């Protein structure tokens, strides 16, 4: 920017020197023309002399052609208007780009100065407010600070007391419920209960027991079904093993006493081991099925949460669409307003031009 300003100053100095030279040359030419005019003027008539002659001829009775005068006046008016428009256009073209840049920079400086002034005013106000607040705090004595600390401590202690009271109330409620449940268990066989609270507690206890019974029955049914399936598989395997053994015996021609005794002695231990294995297998299967059910329940709960999230997203999308539509409507309204303003401006311009033409005519 500094280099630009230096160039501007040099350019201005050059322009001044050029204009001074032109003025000197024009003065010299005018002097020469004046000398020549003085020698030749007696041969030509001036405008004033022509007007005086026309007046004398009119007084003597000579006719005047009014159409020529009107045409001459109209031509002079047209020339003046054209000359004015041409001069304005030429003046605009003659403007240097550096002068235009200067004007733009001056406008920017003015805007920046205005913004700086506003910021300075705002900062001054903030500083005043801070100074006033500091003065007020300094005027307060140390007793006020002590009072504030005491009030804070009191509030903190009150909150602690409230929390303790709430915890004690909850403990008492639990203790009463347990005591009432024990009473209900004792008096259940003797007779009915009179109070409404005891009846409500009985209903809650019965509902819990029913739920537990239903769960136990379901688990027992599943366990029985699994045991039946396992027993059926065992029976099939036993029959197949017996058939194979009998076939082998008949092929050999009889039984071996030594091998039969060993088989009978080892058969009990093998069966016990197989039962233990099968029980472990059933237990692990039961646990795995429970885990799968929990996973399914979690998936269902997650699906419900996902459904809620999707609904929320749909609502947000609808709101965003409505907002976009409102914005588009506002933009269209603004465009229509701008068009109407432009039309009004054009109409006003046309009216002004008509007025100018009428005034010129």
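The backbone N, Cα and C atoms fix where each Cβ goes, glycine too.
Nobody curates TrEMBL annotations by hand; they come from automatic prediction.
Look at TrEMBL and you will find 73-94 (among others) tagged as region 'Disordered'.
Per TrEMBL, the feature compositional bias 'Basic and acidic residues' maps to 75-94 (among others).
The annotation region 'Disordered' is assigned in TrEMBL to 126-361 (among others).
Residues or ranges marked as compositional bias 'Basic residues' by TrEMBL: 153-188 (among others).
Per TrEMBL, compositional bias 'Basic and acidic residues' is recorded for 217-313 (among others).
The compositional bias 'Basic and acidic residues' annotation in TrEMBL covers 323-351 (among others).
Only residues 6 or more beyond the boundaries of the compositional bias 'Basic residues' (352-361), in the same chain, are considered here, and those with a CB under 8 A from a CB of the stretch are 77, 81. Residues annotated as compositional bias 'Basic residues' in TrEMBL: 352-361 (among others).
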Mind tallying the compositional bias 'Basic and acidic residues' (323-351) by DSSP state, helix then strand then coil? 29 helix, 0 strand, 0 coil
Tell me the residue counts in helix, strand and coil for the compositional bias 'Basic residues' (153-188), as DSSP assigns them. 35 helix, 0 strand, 1 coil
